[in-house]
Amino acid sequence: MFFYSPNVASSSSASHRRGTLTHQHHLHVGHLDTRLSVQIPEILSRNFGHHDPERARLVPEHLRFLVDENQELWTGGNQPPVGILELCAASPVDSVFSTNDARRHSQRKLILRRPTISIQEDGKIIIDHVTARWEGANINSQSALLDADDGATVITDTIKDDQEDKEPKSCPQQTVKYIKILLPHVILVSVLIGYLCLGAWILMLLETRTELLSRSKKLVRLTNLMSNFTAESWRMLSDAQHGSITMDEGEWAATFREWMVRVSETVDDRRPIRRELNRPDDLSNMHNKWTFPTALLYVLTVLTTCGYGEVSVDTDVGKVFSVAFALVGIPLMFITAADIGKFLSETLLKFVSFWNRSVRKVKQWMSRVRHGRRKSLQSTGGQNDTLDILGVDGTEEKLWFPIGAYVSCICLYCSMGSAMFINWERTWSFIHAFHFGFNLIVTVGLGDIVVTDYIFLSLIVAFVIVGLSVVTMCVDLASTHLKAYFTRIHYFGRAKRFLGMSEELKEIVALLGAMRRKKGGKVTWNDVRDFLDNELRDRPFEPHELLMKLRFIDETSSGMSTIRHNSFQSDFFRESEYIRRVAALRPEQPAYL
């Protein structure tokens with residue numbers, strides 16, 4: 001609420017208003033004199049016009065301050081400067097009082113709000129409740145709090161300005177600073193690329209020989225088939241030439257076809273080539289990859305963002321449908337997995353807490369039996385139970401597991417799944433089944449498995465959904481550690497203050513930082529509570545004219561009591577002794593920050 005005077009003697013309905021005092025307009029006198037000098041123009045303009053030179057001379061010499069280097073506030077019959085007293089027939093609150101405009105032109109300012117906040121040269125923040133003008137408004141806990149746009153913003157701007165006022169760093173120092181900030185990120189990306197290259201090189205060494213041997217065996221079989229077919233054809237031709245046998249065209253075609261079918265079966269051993277070649281024009285005789293099990297596995301891999309090499313969509317309509325299906329289904333899948341994972345994590349937390357309490361009670365019981373001090377240990381045990389359940393500070397304690405525990409949990413689930421898969425796929429080894437299950441739950445891929453049994457298909461779907469929930473549970477429990485590690489790496493070499501915070505949190509952090517610097521140590525909740533209770537809450541209403549109507553004990557006479565208010569104001573501003581007495585009654589406000 002800005003200070004303005006509605007009662008101004010003027011031809012128009014104009015009102016005098018006072019803007020925010022900038023740092024260059026401060027007086028070189030005491031703190032109280034500075035505040036009183038701010039109220040002088042308002043009181044004078046309230047009771048008489050600014051055109052009265054006699055009244056203007058009533059201002060003491062040491063309370064005058066300069067608008068610029070050559071012009072005083074009032075000199076003779078001159079008009080008051082626009083920078084301090086502005087005539088305006090518009091609303092009593094104008095842009096001249098905007099704290100944003102004032103903040104662009106000054107670093108420190110005297111904010112005449114309720115309560116009055118001022119920042120001294122040494123950085124102290126003074127909150128004054130006596131000289132603040134309230135216009136008859138009652139003070140409550142809400143109105144007495146700092147205005148976020150004025151009080152705390154000034155603190156934040158002061159901190160930022162102090163940081164900007166530091167000496168600029170040289171070019172090598174700036175280079176070292178940016179290198180320090182970029183170094184952990186470059187190292188992280190380099191480690192990731194190196195890890196990928198290392199994995200590719202190791203897999204290349206492990207799988208190259210096996211892949212070459214498998215392909216060589218296949219080519220050997222094809223070579224043998226071609227050699228046998230050539231030998232058989234030559235034998236049949238020789239026998240026909242020598243008259244040993246007679247061969248017609250149909251017999252030769254059947255023999256040649258048989259050898260070609262064998263070659264095709266060797267190249268593609270996953271399709272019933274022989275049956276399909278018998279009736280190639282009959283579509284019902286063809287092998288269909290898009291069965292319900294394979295289609296279900298495909299859409300499952302679409303929602304879990306892992307691949308399936310057995311089938312893929314080829315039509316344009318199918319591709320559009322797959323995209324639309326994934327846009328709706330992927331969030332649904334992960335929300336469901338997260339919900340189940342949260343339930344599993346809460347269940348695990350309750351189980352571990354119950355286990356810890358049970359073990360603790362057993363140990364206490366064994367200790368009581370062993371030492372025979374039941375009563376004392378029972379009382380101590382009852383207190384410990386409360387502390388263990390709620391934590392030391394009365395909050396629910398967090399369950400902490402090392403990172404290896406979450407990895408072990410995932411591996412245990414994959415082992416259970418591999419034991420299930422082995423019962424359905426007799427040709428699979430434990431390692432093969434474990435790898436298959438792990439690829440499913442970490443959304444690597446389903447491979448090119450062909451499922452024909454519906455029970456086995458149902459087990460795979462359930463394994464994938466529950467597996468994603470288990471992974472989500474592990475990530476949820478390990479999020480605290482992962483977030484701490486990520487924060488350390490991401491903000492290495494730079495300050496974490498104000499990053500990712502809202503504007504309100506920035507103001508609070510700035511206020512606490514100022515309190516910590518003034519206190520010289522850690523700011524506790526008691527410090528904040530004392531500051532709020534002592535300065536901003538439970539403050540009685542004090543009229544803004546309290547100091548003007550105040551009488552000293554040596555001035556209480558029948559004559560003084562009948563002096564009119566206006567003449568008393570003249571005496572008030574004429575006598576510097578009165579100002580000295582007022583200053584003696586109101587010592588400097590303590591700096592709570």
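Heads up, residue numbers simply count up from 1 along the chain you see.
Cβ from N, Cα, C; glycine included.
Remember, it's a predicted structure, so these values are computed and weren't measured experimentally.
Look at Swiss-Prot and you will find 186-206, 291-311, 320-340, 402-422, 430-450, 455-475 tagged as transmembrane segment, backed by sequence analysis.
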Range from 186-206, 402-422, 455-475 with most C-beta pairs under 8 A to the transmembrane segment (291-311): 455-475
Maximum Cβ pairs under 8 Å to the transmembrane segment (320-340) - stretch from the list 186-206, 402-422, 455-475: 455-475
Outside the transmembrane segment (455-475), six or more residues from its ends: residues with CB under 8 Å to it: 293, 296-297, 300, 304, 333-334, 336-338, 340-342, 344-345, 348, 406, 409-410, 413-414, 417, 420, 424, 437, 440-443, 482
